[in-house]
Amino acid sequence: MPESKYRQQTIRAPRGTVLTAKSWLTEAPLRMLMNNLDPDVAENPHELVVYGGIGRAARNWECYDAIVDALTRLEADETLLIQSGKPVGVFKTHDNAPRVLIANSNLVPHWATWEHFNELDAKGLAMYGQMTAGSWIYIGSQGIVQGTYETFVEAGCQHYNGTLAGRWVLTAGLGGMGGAQPLAATLAGACSLTIECQQSRIDFCLRTRYVDEQAATLDDALARITRYTREGKAVSVALCANAADILPELVNRGVRPDLVTDQTSAHDPLHGYLPSGWRWEEYQKNAQSDPHGTMQAAKRSMAAHVRAMLAFSKMGVPTFDYGNNIRQMAKEMGVENAFDFPGFVPAYIRPLFCRGIGPFRWVALSGDPQDIYKTDAKVKEIVAEDKHLHHWLDMARERIHFQGLPARICWVGLEWRQKLGLAFNEMVRCGEVSAPIVIGRDHLDSGSVASPNRETEAMRDGSDAVSDWPLLNALLNTASGATWVSLHHGGGVGMGFSQHAGMVIVCDGTDEAAARIRRVLHNDPATGVMRHADAGYDLAVECAVEQGLNLPMVAATQGKG
């Protein structure tokens, strides 16, 4: 690895109200960049890796230093441009323009392959930004807990009469994203068995209470699951092993889970999925010396993994892909029916997307957990009738360990995001919280992503692969005045399979911030309603009418028919 991609340095975002940069609008991206690399947040901060295989916050350490320097000196009417983790320019714009514009991992489609990307990465010409790693709004595993929780709850409604009590989930992967699964299952009332090949990741999840227990062997794990489900307890169990070995063994034994999914880093066969029979150190070494052979070995193991998932599905066990592209990898290795089980979005989440409901998250730049608890109370006050949301916030406060700067996530839609943002801004203005708050989201949202094997799988009109939508989302957020806007490629599912956009806006208590919040936090989720209404979803059309959207080709929004 080039020296510039490794540095033995501990980074933590500043806390409190003393500015390092010239304003809160530049202090915010500076703190969030640093927060992404906090050792309590990032998977491998010394190599700038935040999560998701090789999802990095900056291209190399020289680029990181230059970004920090640029943000520190950036004026109120200037915009910093980031090209795949490298600061390439500062330009005069205006006060309401974004302070940072980010483009990560974008390749011309014909060349959008892991092989070509890895060549560029090795030359220092590119960086994989994942979704929130390179866009500086990662908040640790909490960032996906509620989405996973909502998925499990909906699965319980569809398959088990509304409850997962006495049921168990079989899955794999305890990285930055997958680590949310066991806690989400517990919060949804289910037991879970999560297979993870790296003991260090299990240790982290045990320490942060995302996992309750570790089993010594498969027999021990199954005995625990049997006991807890019989007792009606929701307990999460981790097992250090390879999913490509364990799932086929469970099929051979005739073991029948109640839900099966997966969140290994299968999207990146060179860095994210340990081939069966290999040690992790061997995998890392071979990735350098024989990348093609390593990728093929990983994909062969994925094929075995998916065949086992297909076997569970054939047994009648609800089985779904949780967005890591493992079905595609298996299909490339000859598993022709890999897509016989669905992805989680068409199976459980799309009705939420139709209403612009998605992962709304915010971070207290003060570093004070009390600021988050106060905003939790404000959300309950404003969204007063949503008891499901209140239950989520109560559970989150009790069970979720803050990683880095205190943060919260809750899934809310077009109707509420603007109202919550304005309320948070007012809390900053009147001193109810001790410092500004940033509001962002995952790129996994209703209008900000094109990903035919994940968020846009099986769209009603067949527009799964149309990536105009995330481009329009990024352009509109830029025009609306988001504090920083990002446009990425390959997040979640790997090179060639997705394009997606993100935005973050700062609530600094000013009238100018309030005006930007009104635009951004309405327009951003509205693009999701627009995208789904355009695809012919009645629920999205109804939401568009209710919220007064002007969609020229959707007759109902024009007062016709």
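Each Cβ is built from the backbone N, Cα and C atoms, and glycine gets one as well.
As annotated by Swiss-Prot, NAD(+) binding site applies to 52-53, Gln130, 176-178, Glu196, Arg201, 242-243, 263-267, 273-274, Tyr322, Gly492. Taken from Swiss-Prot, the feature active site applies to Cys410.
According to DSSP, Gly176 (NAD(+) binding site) sits in a coil region rather than a helix or strand. Between the alpha carbons (Cα) of Glu196 (NAD(+) binding site) and the residue listed as 'active site' lies a span of roughly 27 Å.
Rounded to a whole number, the distance between the Cα atoms of Cys410 (active site) and Gly176 (NAD(+) binding site) is 18 Å. Reduced to three states, the DSSP call for Ala243 (NAD(+) binding site) is helix. Taking each Cβ in turn and tallying the other Cβ atoms within 10 Å, the top scorer among the recorded positions Ala243, Cys410 is Ala243. Under the DSSP three-state reduction, Tyr273 (NAD(+) binding site) is assigned to coil, being neither helix nor strand.
When the Cα atoms are compared, Ala243 (NAD(+) binding site) and Cys410 (active site) turn out to be 30 Å apart. In this structure, Glu196 (NAD(+) binding site) is part of a beta strand by DSSP.
Cβ-based crowding with a 10 Å cutoff singles out Tyr273 as the top-ranked of the binding-site residues Glu196, Ser265, Tyr273.
Taking CA atoms as the reference points, Gly52 (NAD(+) binding site) and Cys410 (active site) are 22 Å apart. Other Cβ atoms within 10 Å of the Cβ of Gly492 (NAD(+) binding site) number 27 in total over all chains. Here the C-alpha separation of Ser265 (NAD(+) binding site) and the residue listed as 'active site' works out to 24 Å.
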